[in-house]
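This report concerns only the one structure given below.
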Amino acid sequence: MAASTEQATGGVEKTAAEEKPRVLEPGAAPFGNFPHYSRFHPPEQRLRLLPPELLRRLFPQSPETRPILGLDVGCNSGDLSVALYKHFLSLHDGETCLDASRELHLLCCDIDPVLVERAEKECPFPDGLTFITLDFMNQRTRKVLLSSFLSQFGRSVFDIGFCMSVTMWIHLNHGDQGLWEFLAHLSSLCRYLLVEPQPWKCYRAAARRLRKLGLHDFDHFRSLAIRGDMASQIVQILTQDHGMELVCCFGNTKWDRSLLLFRTKQATETHPIPESLIEEGKERNRIRFWRE
């Protein structure tokens, strides 16, 4: 997340003792908008946990369910967005598919215009992924841009939302109420939601890096009441406050972050998750159910 282009590129003011600006170390960007995120959190770590057939199983083929519409919030420079697109369509490196955009279309947003511009330039599937600059916490802009995209397909909500390592940055910059509102907006916009919350140790590390570099501390860090086991906190907010149901946890990444799949009660009634997917996941030990 970023508030300005200067912050997005990691620039800081020069001092008398410095001729060049310091460069933010990975993870120290105040809004999570570091320029080479995928170098230290590669997409493959998430992909190995997610069944490639997940979306096809959740949304069986029919005119009403195509294309599957996804919302990727906090897409950074698009590396993970593209990787997810290829993964769920079973596309290999260098491979294209003329019908890909008819099967799946992702709207990917980030607050940093520099990162969004890079994502647009490097995207190998311009017909299937749309990148926009958006401060998701700006209600007016969010409503206009997302409604405009959905109306192109005659839809009012997204089939699935992706919130990958974003919740901490919302929480640190907007406080407890901001996190609650962020999850409320997502749950109202998406029938299914895949969330990768950062654990509390990442909060402490992010704050420590800012202090180490002499940057302004996060306004809300010391006053946050929602803390501790952040995966459980996210589950509680989405299920108890926002009417979603936790379907499963696909496991943890190498850097110890859970991949949690939620669905709205309406989705539960109209499109129950296939039992075959559940059983296959259990057999592969890739899906751990929180209710067990």
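Quick reminder: no glycine exception, Cβ is built from N, Cα and C everywhere.
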From Arg46, Arg48, Arg191, Arg204, the one annotated by Swiss-Prot with Asn76, Asp110, Asp135, Phe136, Met164 for S-adenosyl-L-methionine: Arg46
Among ranges 1-22, 23-44, whichever one Swiss-Prot labels region 'Disordered': 1-22
Most crowded position, judged by CB atoms within 10 A, among Asp110, Asp135 as binding-site residues: Asp110
Count of other CB atoms lying within 10 Å of the CB belonging to Asn76 (S-adenosyl-L-methionine binding site): 27
Met164 (S-adenosyl-L-methionine binding site) - helix vs strand vs coil (DSSP): strand
Assigned conformation of Asp135 (S-adenosyl-L-methionine binding site) - DSSP reduced to three states: coil
Distance in Å spanning the most remote Cα pair of Arg46, Asn76, Asp110, Asp135, Phe136, Met164, given for S-adenosyl-L-methionine: 25
Helix, strand or coil at Arg46 (S-adenosyl-L-methionine binding site) [DSSP, three-state]: helix
